[in-house]
Structures are given as structure tokens and as C-alpha cells.
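The structure appears right after this line, and notes come after that.
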């Protein structure tokens with residue numbers, strides 16, 4: 001909204017333009033001898049007005065003055081046309097001269113017009129006779145002029161309606177009718193109707209398609225309107241029902257009823273009530289959400305990541321529950337359409353659900369929904385802030401407290417603590433070793449025997465909820481060369497997958513490993529062995545961890561009975577672990593590493609262990625980034641403990657001698 005507006009007074013000679021201005025600022029009447037008054041500014045503090053107001057007096061006499069008046073008409077925020085109620089010709093001059101002049105000078109840039117009949121103190125029978133024609137002409141103006149036209153009568157001598165004149169000028173600028181309402185057709189504009197429908201959905205907290213008494217009063221309170229009693233609401237409902245039968249149902253006002261109530265406010269005018277409602281929901285003068293609301297400023301320092309805060313997670317959880325129409329714990333396609341109806345569009349491509357936890361029908365679970373928004377926040381928090389606004393979130397800090405700023409892994413290492421709630425893991429491996437299955441198993445997807453190679457230009461990625469308030473991103477990378485710059489800036493952990501039956505697949509990840517070391521990327525590394533069912537000697541697959549991860553589905557559907565020897569399968573019926581000299585030699589010379597087994601035929605604790613690797617690396621900056629034990633930490637602890645014990649022994653002997 002503007003801090004100040006410019007109002008210009010025009011009209012025939014001797015109608016009292018200057019007298020109106022003088023009486024208003026001096027609060028008394030006096031005869032004015034000069035033809036025009038200098039510009040007057042009325043501060044906002046005066047009478048608690050909406051804003052400061054500049055009032056321009058005009059006089060149509062001579063070429064220079066006329067040019068000056070025309071310039072003021074072009075730039076005025078509101079135009080007051082004054083006529084004298086005791087001279088009907090000055091009123092007719094509005095139709096014949098002043099309205100055409102305004103249309104000529106303003107073109108499509110219309111401004112609100114206030115038609116003012118001055119000298120009301122001189123009203124006589126003749127004026128009353130002309131009043132019907134005046135009212136009909138005013139109605140004609142309103143139907144032909146595409147902006148607000150208001151009409152009132154006043155007296156500069158008795159001060160009658162002078163404050164109303166200023167108020168009408170200000171409200172016509174700040175609450176423009178044409179943006180919301182077509183008076184000629186008695187209907188809302190499309191933009192107004194669209195905005196009010198969105199507000200209706202935001203206030204419909206239980207998403208039942210109607211506004212209850214509680215929800216109506218939530219709307220009233222948020223907009224600064226007076227709350228209503230049950231009796232008042234029932235009276236309005238009865239009135240709405242008498243006009244539109246489907247405007248009210250057993251639960252309250254329907255969307256049609258809500259729109260009809262606002263149409264009545266617009267019909268009565270001015271539009272202040274509806275504008276106040278719209279601005280309370282952060283709409284600007286063009287019925288677009290405020291830029292500062294949709295795109296608030298969040299300063300994210302270098303080497304930091306973003307994720308939803310606890311407040312942000314709670315908001316999206318409540319959003320999920322609101323739009324879960326049948327309370328079955330998932331969002332159907334119908335639910336998603338309803339959810340995003342308050343936004344311009346769904347911000348992701350079709351099929352985005354496959355990257356997150358869903359039910360068997362690909363409907364997002366709550367875990368999947370929260371993972372989706374945490375991943376979005378991690379990759380581009382600005383989109384999250386934008387959609388928080390579309391979903392109606394509004395906090396004291398303009399939604400930026402919905403986002404948490406986290407240290408990068410490098411900063412965690414420096415501070416010797418693990419602070420992040422999200423870990424980004426890159427998964428490398430040769431073709432057909434089971435990378436996609438490794439990702440899909442994490443988010444509970446069913447195993448498929450069909451092999452579909454991942455497109456090298458579209459690396460597959462999933463995100464899931466691993467532990468309390470912890471999220472893991474798994475990004476499948478296809479290619480023999482590591483993306484050094486990307487890994488350096490984004491990667492927290494590298495997973496190297498190989499088929500235990502294929503030396504060639506191990507050579508592939510050994511090459512990746514060597515590149516990581518050559519580039520001196522200080523990133524933890526985990527080796528993962530696939531297609532091996534003999535895990536008896538591997539303590540990493542302890543079934544006691546079955547209950548630790550709600551995202552991991554037990555896909556042990558008699559899969560071991562499927563004697564499909566297709567190499568595209570990520571399991572094998574061979575009970576013996578296929579090893580080779582190349583693989584054995586590597587792990588003998590790299591004792592910090594011990595391969596972990598992955599199998600879809602059992603619940604895996606491997607994803608938890610990957611997170612533990614990250615946590616340990618934050619406390620133990622090992623350049624090898626191994627998934628081995630913290631022997632150095634233990635040794636340090638033992639040395640310190642022995643030292644303390646020795647000091648204690650010497651001290652006790654000393655005291656004994658004393």
C-alpha cells in the first residue's frame with residue numbers, strides 16, 4: 001500500500017473547490033477570494049487517516065493553467081469532480097466536459113472518481129426535482145466508466161460530509177473496486193473469485209468442503225473483522241439459503257455461500273471489507289501473493305545445507321493429515337490434486353512419487369511425503385518457501401523459521417560433532433550390479449525381476465526417513481568418471497556396489513575408488529557386496545535391527561525359491577560367496593575396509609550402518625573414510641585412562657606416606 005496519495009479537485013468555476021479545501025484544513029468556513037490554493041498535504045496522523053494525502057486545487061483559466069491541470073489529472077491517484085447542487089448546469093458539465101477530458105488524458109490508466117455535490121446548505125425544491133436525474137446519470141457513469149465512481153453531497157459552509165469526502169478519496173485508491181468487482185454485471189472478477197476460493201480452502205481446516213462456525217471465526221479473526229456469535233452466523237446462513245440453496249450445508253457455509261457473502265459486501269461498497277480480507281492473506285493490489293511473502297530472504301552461509309525445521313516438518317505433517325481424505329495414511333492422486341489446488345501447479349514432473357516411500361498403489365505415505373519436502377528443501381529451499389506461502393503457512397518470521405540451516409560435513413568434522421539431519425550418499429557400480437534395487441529397497445519398493453538400465457543422463461535418486469528426524473538421500477551415479485566438483489560440494493558418503501560373482505564389477509568400483517583417492521576427496525567410503533545370500537559370517541545383517549527402519553519392507557516373498565539365474569537379478573541361489581584373488585587382495589591391502597552384504601531377501605541394517613559411518617567420520621577424520629572401527633579413538637581413550645590411573649596410584653602412595 002502507498003504511504004501517500006495525490007487527490008486533485010476539478011470542476012466548473014464557482015462550485016467551491018478551494019472553499020472545500022480551506023474548510024477542511026482550517027475546520028471552519030471562510031470566503032475565499034483567491035482563485036486557487038497551493039498544494040496542501042494532510043498527514044496520516046491527522047484524524048488517524050489511512051495515509052498522508054496531497055490535495056491539488058485547480059482552475060481552468062488560460063493555457064498555462066490548463067496544461068498544469070491536465071498534467072495533474074494524468075498523475076492523480078484519485079479525481080474529485082465538484083459541482084454545485086444549486087446549479088444543475090455544473091452537474092451536466094461533468095457528463096459533457098469533465099468525464100470525456102479524464103478519459104482522454106488517462107486512456108486505459110483509469111483512476112477512481114468521486115463526484116461531489118457542494119453547497120448542500122443551499123438545497124431547495126429545485127434541487128430535489130433534479131435529484132432523480134442526477135442519480136440516473138451517476139448510475140450511467142458507473143456502468144460506462146471502468147473504475148470506481150462514488151457520489152456524495154457536502155457543504156463547505158456547514159462542514160457536512162467533508163471528512164467523508166477525504167475518506168472516500170482514500171478508500172477509492174486503497175480499495176479499488178474494478179480489481180474485484182464488475183458493477184455493471186454484478187459479478188466478481190476472475191482474479192477476486194480465484195483468490196477467495198483459495199482463502200476458503202485455507203480456512204477449511206478439516207477439508208470437508210465447508211466452513212464451520214469455528215472456521216468462519218478463524219477467518220474473521222485473521223482478517224481483523226469482528227467475530228460472530230452462533231446466532232449471528234445462523235441468521236446469515238438462513239439469509240444465504242434463501243438466495244442460493246447450495247450455499248449452506250449441515251457443516252456450514254459452502255464455497256458458493258462464502259463467495260456469495262463476499263459478493264454482497266462488494267455490491268454494497270466500498271470494497272474495503274473484501275480488500276482487507278485479501279490483504280490479510282498476503283495478496284497485493286493486483287491480487288498476486290506478495291513477493292516478500294512468497295520469496296522471503298533467507299541467508300544461507302557457504303558450506304551449509306538446508307532442511308525442514310521441526311516446525312516445518314510439523315506443518316507438512318498437518319498438511320498431509322488435512323488432505324488425506326479417507327484417513328488411510330496415504331495421499332491418493334485425488335488427494336494430491338486437492339492439496340495443490342491452492343498453488344499454481346505441482347512443482348515436480350509426473351512420477352515423482354517413485355523416489356519416495358509409497359504404498360503398493362504408488363500413493364505417498366507420510367514418511368514419503370516428509371522425505372519429499374526435506375529433499376526439496378535440501379536441493380532448493382526457495383521452492384519450499386514458495387510453496388509454504390501457497391499452502392497458507394505464515395509465521396512471525398515470514399516462514400524462514402520453517403527451514404533449518406545445517407553445517408556441511410566439513411564443518412561437522414572441524415567442530416567434532418554430527419549436526420546434520422540429512423545425508424547425501426552417491427552410489428557407484430557397474431551395470432546390473434543392483435544399484436537401482438539397492439535404492440528401491442531403502443524406500444520399500446517391491447523387487448522386480450525385470451532389468452531396466454538407468455539412463456546415464458537421468459541418474460536415479462531416492463530419499464527416505466531413516467532414523468528419528470534423519471533422512472538419507474541415495475543418488476545412483478552412472479559413469480566411469482567421478483563428478484569431482486559435484487562430490488566435493490554435495491557428497492557426504494560414497495557407496496561402491498559390486499557383484500560378488502563378478503570380478504569385472506569389482507574392477508569398476510576399484511577404478512572409482514582410485515579416482516576418489518587421486519582427487520584427495522576426504523569422503524567416507526562404504527563397499528557393498530550384492531548378489532550374495534550366504535551372510536552367516538557377516539555381522540552387519542543382524543536381524544535384531546528389523547524394527548529400526550520403518551521404510552524397509554521385508555521383500556522375502558519366497559524369492560529364494562525363484563531359481564532364475566538371470567544376471568539382472570540382484571540375488572543368487574549360489575550358497576557360496578564367489579571371491580577372487582583381485583577382491584581378496586584389495587581388502588587385504590586395505591584393512592580399513594570390510595565389505596557389507598546387501599540382499600533383498602532379508603531386512604537390511606546396512607542403511608543404518610551407512611549413517612553410522614557418517615557419524616563416526618565426523619568424530620574421527622580418517623582420510624581413508626573407512627567403514628572400519630574407531631580403533632584410534634579407543635586407543636586414545638585407553639592411554640588417557642591409564643595415565644589417570646597412574647596419577648591416582650602415585651597420589652594414593654604419597655598420601656599413605658603422609
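Numbering starts at 1 and runs along the chain as it is shown here.
Glycine is treated like the rest: Cβ placed from N, Cα and C.
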532-575, 576-619 - the range that Swiss-Prot marks as region 'Disordered': 532-575
Transmembrane segment range according to Swiss-Prot, out of 496-518, 634-656: 634-656
Spatial neighbours of residue 328 (Ca(2+) 2 binding site) among the binding-site residues 204, 206, 208, 210, 215 [C-alpha, 10 Å]: none
Chain residues in Cβ proximity to the domain 'EF-hand 2' (311-346) (below 8 Å; excluding those fewer than six residues from its ends, i.e. six or more beyond): 198, 201-202, 205-207, 352, 358-359, 361, 363-366, 369-370, 373-374, 377, 384, 387-388, 390-393, 395, 401-404, 469
Assigned element (helix, strand, coil) containing residue 210 (Ca(2+) 1 binding site), judged by DSSP: strand
Cβ within 8 Å of the mean position of the Cβ atoms of 324, 326, 328, 335: remaining residues of the chain near Ca(2+) 2: 323, 325, 327, 329, 330, 331, 332
PLDDT averaged over every residue in the domain 'EF-hand 1' (191-226): 97
204, 206, 208, 210, 215 excluded, remaining Cβ within 8 Å of their centroid (Ca(2+) 1): 203, 205, 207, 209, 211, 212, 251, 252
